[in-house]
Amino acid sequence: MVSAALIAISAAVKPVVNPPTQTIDEGASTRFQCYVPGNPGARLSWRKEDGSAFGRGVEDSNGILTIFNAHSSNAGAYVCSAVDPHAVSPVVDPPSQTVDEGASAHFRCYVPGDPDAQLRWRKEDGSTLGYGVSDDQGTLSFARVTSSDAGAYICSAQNPRGGSPIDSSPAYLGVNARRPQPTEVLVSASDPVIEPPTQTVDEGERAKFRCYLPGVPDAQLSWRRQDGNPLGQGVTDSRGILTLPRVQPSDAGAYVCTAQDARGGSPIDSRPAYLNVNPRRHGSAPTLMIDPPSQTVNENEPAQFKCWVPGVLGCELTWHKEYIGGPLPYGVYQSGGVLKIPRAQLHDAGNYICTAANKYGIGQSPAARLIVNRPPQPPRVDPPEMTVNDGDPARFRCWVPGDPAARLSWRLRSGEPIPYGSQENEGILNFPRARQSHAGSYVCTATDPEGRNPPMQSPEVRLIIRQPKAPSVEPPTLSVKEGEPVTFRCWLPENENAELHWRRADGNPLGYGVSEGQDGTLSTPTAREVDAGEYICSAIDPESGYAADSTPVQLSVGKLPRVACQLAKHCHPSAAVHPVSAQRPEVEPPEQFVNEGDPVRFQCFVPGNARAQLRWSREGGGPLPYGVTANGDGVLYIPNAQLGDAGNYLCSTIDPERGEPIESTPARLVVHARKTQTPSFH
């Protein structure tokens, strides 16, 4: 354990220390604050009571004694001394300012009660004023600030009646590195990277810059000042780390890191890193305290920080975000030194700084840190429901707000894996061609890759596959007599452009004389017994190519007695010359068109007489062509059609009553000559 007791001793003024005693664990850090009630200009300094030097990690700055990473050797009594300055020193306004590179800046110097004082500005380190810097009657002006202008400036006042010049407290100018505009070329991936690119520290504090060359871990790295001056006393450059253990105003300025690839190549310079130094002043800026130093809340919970200057009432206090002048987030407000955050959001997290000003400068509190935790968020999905046509693509997206590293996976609501034909990648569930088997509900699961939170499941998403509408048909059933006309009609409501086609339900081709109309009709002027059966209409959407079938329609064809047929006008003329018992052979198909060399097959049959003896011949009584087979089963087969095979063929059977042949309607064969390819010459 480390114990530190503070005893305030002063002959003229009595400083106050807060807290007077602290007991901390070894390795922890602590801070003591010293101030003089009613005398904010008192000069404050700390020392160990036994006269020994401060140990490592102990800093004295503006009345605040800070012990970092305490050791047992730090235990003991510390004394704060205060001295009230008597001399009337020049006053500088503002005591410090930080501007962007390229902007203008001004400092004003005056001696209270002595308007005739002769005033002159100089750089604290003795170097000459920069180009474009003017000193006119106590006003120091910078037309266009450059990185080399950063540092401390002293205003010296000389009484025209004599006496020694009196120096002001240093006025400090900080310079922010110029950020590249959108049209400028940014640092390439092969340039050295500096972290941080800019930092501002108080005099006597520690500063550190890190340099590295992406992708080249063994690069040789070295630091230098951009103005060519050597690195300050105690500054170390090791393996890309530039460390300034106790920053002095002379350390302010721009630093450049040079990287050299060990495998060869030219050295590469980084963009300048800027160090701004707030100098220690002879007077004392207000010393501020905050409570609490750190606070952790959940998202949407309230948070509050309090700031005050010990011993000073009615001081004007101002809160800032991250840096002096940094705006407060929307919804965050301050009143009487109290910073209030009614509903903390993730973007509210960070450091808040409280400031107060007097003639010696701007006092700055330690940073009050706000940590905002977001409770684990369930994954979100979009869209919640999607309806697509069969075969169309479909896609769902899953993500966790504010957590791009979450691992996302999809599954069916039942827990089964996603079906065949679907894909998932980085939270995207994709169906290149959605099918009916893909319809259903799916959920997305988010898993924390670090295992801090349990897996969380999204709401369900639903995929609906829209089936093509079936066409309508009428009549659903139709009964006719042999030789009567038949008409069925098919149409697709709400889609007049659909392509409509008819087919037999048994897969056989449409019979002779049965035709489809472009208006969706199926008709024949003379129904035959072989036309009986079921027929289906298919509707094809020309845009999507999807087809849908109607419910089958039923056609019944009744036999017409031959006597009645002879009296009927729709009978075939040849039917009246035969007795009732005679049946005319029929041929399927009645007509064929083939290319030369293609096979040909005609089927002949006598309706109602499967045992009829059938014979094929060419019309006119000529013999069948060479290679043509015609057996008694009624099949005429030509394995390799030639141009000479074209013509009409007759199928006949013998009337058992009269013993005379009965011939079919001629079956027509058309043979197209095979096209010969004419050789091309190039």
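Yeah, the Cβs are placed from backbone N, Cα and C, and that goes for glycine too.
Range with TrEMBL annotation region 'Disordered', chosen from 280-299, 440-459, 580-599, is 280-299. Taking pairs at least six residues apart, the domain 'Ig-like' (15-82) and the domain 'Ig-like' (573-670) share fewer than three Cβ pairs below 8 Å and do not count as touching. Against the domain 'Ig-like' (379-462), the recorded stretches 85-174, 182-276, 286-372, 468-556, 573-670 differ in Cβ pairs under 8 Å, and the greatest number is found for 468-556. Among the recorded stretches 85-174, 182-276, 468-556, 573-670, the one sharing the largest number of Cβ pairs closer than 8 Å with the domain 'Ig-like' (286-372) is 85-174. When the domain 'Ig-like' (573-670) is classified with DSSP, helix, strand and coil residues number 8 helix, 41 strand, 49 coil.
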